[in-house]
């Protein structure tokens, strides 16, 4: 049994134990109204994420099937991140003026149209699909959360329950990712590489129907135009250092995370230890190292499942840590540990076991990061421009990934950049923690003066 398979089963046991332990301590166990609201959101969110996960595993394979060159495929991927950075920022920000519910439905429409383009082997039609998909991704990571936070606060639920909901969303997302991988593989094997995209289209259509019948509409500030909304968002970021710190943390951590997604395969494959990022991928393709047992191959399915379970472990640890200290406090060591974890390909190049353990630790940190950042955004980002601010944060995030994709950097240099980004995010988190302490201290002094 390989280290990857053995690690997977160990992680499963840890995950189940932590889930049962934290489940018995859920503060909302007797709150029927919260459970109903949570279910309403999670059903839609899981369908939205499933629509995304079903496409991921076979995008590259489909492009190869259509005879696209490696350069053409790289251009298509860069276009997707570029579209998310430019068009997605604008379209995703429509949520504050025209409605978060409507924006979530638009996500399903745009991503569904992107699936339709996969039926054509023409480069420019596929390019349109990448542009649509990149724009939809920005909506996915802003409008859904914006809708949730508004409705959560409107119903009078506590901030602790918001953290619990984000934790459950992170855990469910990982489960959906694993299941979507199996479903996508089954349909690809049975009907061809385009079939998973048809399944995704069906899931997205179901999601839109569920939203129409179960979600109410909410807005940021519907009275202002989009340009004014952007101006207000920039003013909020400049005037409130807590929001600025959150933006830095989100951009740097998620930029490192998306880069990690592109690099973990060559990093764990011995043949790629000294090659550049793009060159290593080409070498892996030429040697066909996708089946365990062939020239240093790695079991991608088991590794991906292990990563997802590690994220689930992180989501359970989030609930445990919240009992003992504030999110602003415990996220400082979490971000530092994530930086140390990504040092393993730099410090121990070629050591598959050490690198894999480091990557698992990083994924646990990812599982802690998602509910933590969502909860902090719920507290500090103003409701009127919530979606707009969140999309502004995605501009540097996508820029980081685009720059790394087009530079053809050595793999060790890429991981050094990620470590640097994560250390800067850790520093920003410490600044945020100090700002919150100062704000809390000032409020206490004001309260004491009022009493006197």
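Including glycine, each Cβ sits where the backbone N, Cα and C put it.
Annotated in TrEMBL:
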- 6-22: transmembrane segment (TRANSMEM)
- 34-55: transmembrane segment (TRANSMEM)
- 75-95: transmembrane segment (TRANSMEM)
- 131-150: transmembrane segment (TRANSMEM)
- 162-187: transmembrane segment (TRANSMEM)
- 193-215: transmembrane segment (TRANSMEM)
- 302-322: transmembrane segment (TRANSMEM)
- 353-376: transmembrane segment (TRANSMEM)
- 388-407: transmembrane segment (TRANSMEM)
- 413-433: transmembrane segment (TRANSMEM)
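As a quick check, the transmembrane segment (302-322) and the transmembrane segment (34-55) miss the bar of 3 or more Cβ pairs under 8 A, pairs 6 or more apart, so the two do not touch. A Cβ distance under 8 Å defines the sequence-distant neighbours of the transmembrane segment (413-433), meaning residues of its chain 6+ beyond its ends; these are 241-242, 245-246, 248-249, 252-253, 255-256, 259-260, 263, 267, 277, 326, 328-329, 331-332, 335-336, 338-339, 342-343, 345-346, 376, 400, 404. The transmembrane segment (388-407) makes contact with the transmembrane segment (131-150), as judged by at least three Cβ pairs under 8 Å among residues 6 or more apart in sequence. Listed by sequence, the residues of this chain that lie at least six past the ends of the transmembrane segment (353-376) yet keep a Cβ under 8 A from its Cβ atoms are 3-4, 7, 11, 145, 159, 162-163, 166-167, 169-171, 173-174, 246, 249-250, 253, 257, 260, 264, 267-268, 303, 306-308, 310-318, 321, 327-328, 330-331, 334-335, 337-338, 340-345, 432.
Among residues of the same chain six or more beyond the transmembrane segment (193-215), those with a C-beta under 8 A of the stretch's C-beta atoms are 40, 43-44, 47-48, 50-52, 54-55, 57-58, 61-62, 65, 101, 104-105, 108-109, 111-112, 115-116, 118-119, 147, 183-184, 187. Remote same-chain partners of the transmembrane segment (162-187), defined as residues 6 or more beyond its termini with a Cβ less than 8 Å from a stretch Cβ, comprise 19, 26-28, 38, 41-42, 45-46, 49-50, 53-58, 148-149, 152, 195-196, 198-199, 301, 304-305, 308-309, 311-312, 314-316, 318-319, 322, 327, 367, 370-372, 374-375, 378. With a cut-off of 8 Å between Cβ atoms, the residues of this chain six or more beyond the transmembrane segment (131-150) that come close are 41, 44-45, 48-49, 52, 55, 79-85, 87-89, 91-93, 95-96, 100-101, 103-104, 106-107, 110-111, 113-114, 117, 162, 165, 215, 218, 220, 374, 377-378, 383, 386-387, 390-391, 394.
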